[in-house]
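Below is one structure, written out as structure tokens, with a few remarks after it.
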Amino acid sequence: MASATDPCSFSSFSKCVTKHLNLTYHVDFDSHVIKAKVALTVEVLVDNFTSLTLDTKDLKVSKVTANGQAAKFTLGPKHSFMGTPLEITLPFDLSRGQHVIVEVTYETAPSASALQWLTPEQTAGKKHPYLFSQCQATHCRSMVPCQDTPAMKHTYYAQVSVPKELVAVMSAVRDGQEPDPQDSSRAIYRFRQPVTFEFSETETMLKTAEDLAGPYVWGQYDILVLPPSFPYGGMENPCLTFATPTLLAGDRSLSNVIAHEISHSWTGNLVTNKTWEHFWLNEGHTVYLERMIGRSMESEQFRQFKAMGGWKDLQESVNTFGANNPLTNLVPNMNEVDPDDAFSSVPYEKGFALLYHLEELMGGPEVFMGFVKSYIQMFAYSSVTTEEWKKYLFTYFKNKVDILNKVDWNAWMHTPGMPPVKPQYDTTMADACIALCKRWVKTKEGDLGNFSEVDMKTLSTHQLIEFLSLLLQEDPLPLSHVKRMQEVYRLNALNNAEIRFRWLRLCVKSKWEDAVPMALKMATEQGRMKFTRPLFKEVYNFDKYREEAVRVFIAHRAAMHPVTSNLVAKDLKVDTGKST
């Protein structure tokens, strides 16, 4: 049994576990705070239990009770990214197996890292303010005192008071709404999430995923397109996927993200990594399942093509971090590491590469998908570690243990850099991209007339993205080449965010000055970290425009999500204190 601690949390879940939350929120758009009360139903795991610790971050706690009696509480010293421990002393002793309801009255800070408040002017409609939350990895503690670790799974009930012209949604089943009895200008929305132990193709994807992974247990499935400052492509929540608006201009990009977030309904929400060291269990399996959905809906060649692209993303992350950086371990040590700083494609793509390698060893996609489905059923409603996953792998494939024993587990799990084995992917769909990339790299300036718009006619959107990704791995093209590429392919006119992002990076790398304002515009008109951080870094690396990159960032940082703002500030070596 793994030790019940999480290096990213103050709350030791070896002594007690949260079973249920009852939340009461009053959302105040004027002061940018949530006035709240949370009742935590806590089960005690040890005898002589007299105190517990909850995670908080910038919360103003005014009152704590235990089973209705006043409880003493203190806030400990503030940690740089983990926040502040809330130490609660109970007015009585409890024994193993007993439950206590701990109620905390508090208020969030205007700067809460889980929350982004938008003025009406910052929204598409320009009429109403907007608020969204983003709790992964350790930001939930800035909006509710809790045991903020993925090891903790519990049900919850919530009632949220908002101005009546607004609508509230949560990662839960809607349970009705009513006028706020305290204020006729407001409405209360109710939600319940009882599951615990804790666009056009969406329905088909959901059905395909069920065929692969087992029944969908969450009741409803909604997609909410968030404002441009949302820092991720998508974010899974039970019942509700958050999606970036950069997908709406993309040909098929939405399908890829929705397939990924739907897959998280099984790997991530139903079975969850116990702590952030084991994040690959969420993301590696989800990418594997997402690509199996693509295989069912498109073809095996399409799955292979996407896997090749993922390998390149992994190579770029390893290059960025450095091949010896321990954060490129599949299972990194997270002591004193902010999970936001560790975020990269490593858990996604190194995790997928391991699962694909095991698929090849164990007998192919149908055989290995049988294991994935069984793993989900075995650990449903619980949180797991890598060791527990590996033990189950050996149990499931008990007749092939000799093959599994030959896998270099230490190299895969605990060694930085690229994986010890590179899978041999089918290159059918990639060959045309590789050939076109080689032509551009090898062509001399005098032969640029040999390129024409016909080059693009047979390439799908996915292949065009791959072609640009390949070029980004090469030395910068001469300026004459990218200018000719724009002339014949008219890439500036394409709105697909995945294409535009790569094309603008390519132009800036080649020191095409005309591309700099376009790159900075894309970096600031949306806040998806996958795009924003590399675009800012690319301009920053163009010596002539380094100061301009910093100036534009400082001018726009107040409108960015706090996670994005802090990470870009580190990239550009800007003081991470609040700008004035």
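Note that Cβ sites are derived from N, Cα and C of the backbone, with glycine treated the same way.
Quick caveat, the model's predicted, so the values are computed rather than measured.
Now, the feature entries from TrEMBL:
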BINDING   GLN134, CYS135, GLN136, PRO231, TYR232, GLY233, GLY234, MET235, GLU236, ARG528, MET529, LYS530  peptide binding site
BINDING   HIS260, HIS264, GLU283  Zn(2+) binding site
ACT_SITE  GLU261  active site, proton acceptor
ACT_SITE  TYR348  active site, proton donor
DOMAIN    428-572  domain 'Peptidase M1 leukotriene A4 hydrolase/aminopeptidase C-terminal'
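The structure, with features from TrEMBL marked on it.
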{"residue": "GLN134", "record": "peptide binding site", "Cβ within 10 Å": "22"}
{"residue": "GLN136", "record": "peptide binding site", "Cβ within 10 Å": "21"}
{"residue": "HIS260", "record": "Zn(2+) binding site", "Cβ within 10 Å": "23"}
{"residue": "GLU261", "record": "active site, proton acceptor", "Cβ within 10 Å": "27"}
{"residue": "HIS264", "record": "Zn(2+) binding site", "Cβ within 10 Å": "23"}
{"residue": "GLU283", "record": "Zn(2+) binding site", "Cβ within 10 Å": "24"}
{"residue": "TYR348", "record": "active site, proton donor", "Cβ within 10 Å": "23"}
{"residue": "MET529", "record": "peptide binding site", "Cβ within 10 Å": "19"}
Nearest to TYR348 (active site, proton donor) in three-dimensional space, by Cα, is which of the binding-site residues GLN134, GLN136, HIS260, GLU283? GLU283
What is the separation, in Å, between the Cα atoms of HIS264 (Zn(2+) binding site) and GLN136 (peptide binding site)? 14
Do you know offhand how many angstrom separate MET529 (peptide binding site) and HIS260 (Zn(2+) binding site) by C-alpha? 17
Considering Cα atoms only, can you say which of HIS260, GLU261, GLU283 is the nearest neighbour of GLN134 (peptide binding site) among these recorded positions? GLU261
On average, residues of the domain 'Peptidase M1 leukotriene A4 hydrolase/aminopeptidase C-terminal' (428-572) score a pLDDT of 94
Secondary structure split (DSSP) over the domain 'Peptidase M1 leukotriene A4 hydrolase/aminopeptidase C-terminal' (428-572) reads 115 helix, 0 strand, 30 coil
Integer Cα-Cα distance in angstrom, HIS260 (Zn(2+) binding site) to GLN136 (peptide binding site): 16
Rounded Cα distance, in Å, between GLU261 (active site, proton acceptor) and GLU283 (Zn(2+) binding site) is 10
Between GLN136 (peptide binding site) and GLU283 (Zn(2+) binding site), the C-alpha gap once rounded to whole angstrom: 13
